[in-house]
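Marked as transmembrane segment by TrEMBL: 15-35, 83-104, 116-140, 214-237, 267-284, 304-324, 331-350, 356-377, 398-421, 441-462.
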Amino acid sequence: RLQESRERLSVCSKLCYAVGGAPYQITGCALGFFLQIYLLDVAQVDAFYASIILFVGRVWDAITDPMVGFFISKTPWTRFGRLMPWIMFSTPFAIISYFLIWYVPDISTGQVMWYLVFYCAFQTLVTCFHVPYSALTMFISREQSERDSATAYRMTVEVLGTVLGTAIQGQIVGKVDTPCVGSPFFFSLTNSSVAMEELNMTHDTGGLTDTRNAYMIAAGVIGGLYVLCAFILVLGVRERRESCELQSDEPVSFFQGLKLVMNHRPYIKLIAGFLFTSLAFMLLEGNFALFCTYTLGFRNEFQNILLAIMLSATLTIPFWQWFLTRFGKKSAVYVGISSAIPFLILVVLLDSNLFVTYLVAVAAGISVAAAFLLPWSMLPDVIDDFKLQHPSSHGHEAIFFSFYVFFTKFTAGVSLGISTLSLDFAGYQTRGCSQPDQVHFTLKMLVSAVPVGLILLSLLLFKLYPIDEEKRSKNKKALQDLR
């Protein structure tokens, strides 16, 4: 009891720790929901090149996660800890690169390279923040209950961060009417790209300039929040070296540790399940703004619909924390993630209806909350199980977290690149007031049929995950005896 009392975290510490998760979610949500439509309709990048930017950026983001995990494992302990220096030094450079993503350069050539370079640079720098922050879960306490509680605080703030990202970006940008190009003979022309060029030359660009300014204002506000949250995290959280180490043995090398981690079956089964879950929700996130704008016809409402998703997710995080405590984490996975399926089907079967769309948004938010909370709540259980099987091997927390993020981001990059490329093949028209029927069909597949299939596949994989509540209790007692 004395040991558990010493390991307890104050509410203030949990809140400061939780606030550190907001920057990644605020920026990630803004990029996830708005970057595709920004590149296509505001920066006016060709759909093919936009798919290249999104694909290469996300794949590079995935590659940097294990790279950063490797360098963290080689980082010596300092008086600030081993993880905190990464967070402190990456923050200012991340803010600069994030702002430049939302800036339209006045250059005739090289625009694609501009967005690719700064998108990749930001993904690298935010990885230098997020990977050590994720691994920090294992360094704040040895008690499972305290880590789970801190994770619940973190997930609540992170989902609140997605609300802020959606609200700031959506409301600022939504106040400006982005001009679209329409013509009664628009889609009947043989060479639609030539027609678009002629129409763009004669179309008033004043509204487009206001839209570009709005995106930069939103980027400045989000950058300020990023700095504030990083400041609170560094000042309010103590990184405890003794919280993760069972013995004083020298840790094995990174590549030996990587081999051990990748041979740990519960880890592979867990990341396989959440891999497809993340893919489903990232496809929905990346294409939902276009779906609302063109297929449903809610051009002036999509930012509010996105906000409804995130608010619903924020409000239901405490419910899912209670649910997993009461019924177990595997049960929470089955119930939480599957709850969005009927609503995702409903939104494409019924005619465009604003009430039904908001209903689907709320239901999707409930599932998003479960998908946010559960991976980060279950990963520490896998690490505890690994420690029991390899008691002499320690210091691999960053590997567990970074490779989970790596697999998720890599496949997400592939899927988002393919989805944008699919819109190009379907005949997506930049800044068009309407789109061809093939684009509407493609968007329906990307926000409904494909996510539903991925969710069903993930639920089948979770059946193979071996760590249930009984196994967790046994591991907790064994770890206490080992310490």
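Cβ coordinates are placed from backbone N, Cα and C, and glycine is handled just like the others.
TrEMBL labels come from automatic prediction, so no person has curated them.
Highlighted: of the candidate stretches 214-237, 267-284, 398-421, 267-284 has the greatest count of Cβ pairs under 8 Å to the transmembrane segment (331-350). Between the transmembrane segment (15-35) and the transmembrane segment (441-462) there are fewer than 3 Cβ pairs closer than 8 Å, counting only pairs 6 or more residues apart in sequence, which means the two stretches are not in contact.
When each of 116-140, 214-237, 356-377, 441-462 is scored by its Cβ pairs under 8 Å to the transmembrane segment (83-104), the top-ranked stretch turns out to be 116-140. Counting only same-chain residues 6+ beyond the ends of the transmembrane segment (356-377), those with a CB under 8 A from a CB of the stretch are 134, 137, 148, 151-152, 154-155, 158-159, 270, 274, 277-278, 281, 284, 292, 296, 298, 305-306, 308-314, 316-317, 319-321, 324, 329, 332-333, 335-340, 342-344, 346-347, 350, 404. The recorded stretches the transmembrane segment (267-284) and the transmembrane segment (441-462) share 3+ CB pairs below 8 A when only pairs 6 or more apart in sequence are counted, and are therefore in contact.
Relative to the transmembrane segment (116-140), the listed stretch 398-421 leads the set 214-237, 398-421, 441-462 in CB pairs under 8 A. Proximity of distant same-chain residues to the transmembrane segment (398-421), defined by a Cβ-Cβ separation under 8 Å and at least 6 residues beyond the stretch ends, is recorded for 36, 47-48, 50-52, 54-59, 61-63, 65-66, 68-69, 72-73, 127, 130-132, 134-135, 137, 254, 257-258, 261-262, 267, 270-271, 274-275, 278-279, 282-283, 286-287, 375, 379, 382-383, 386, 446.
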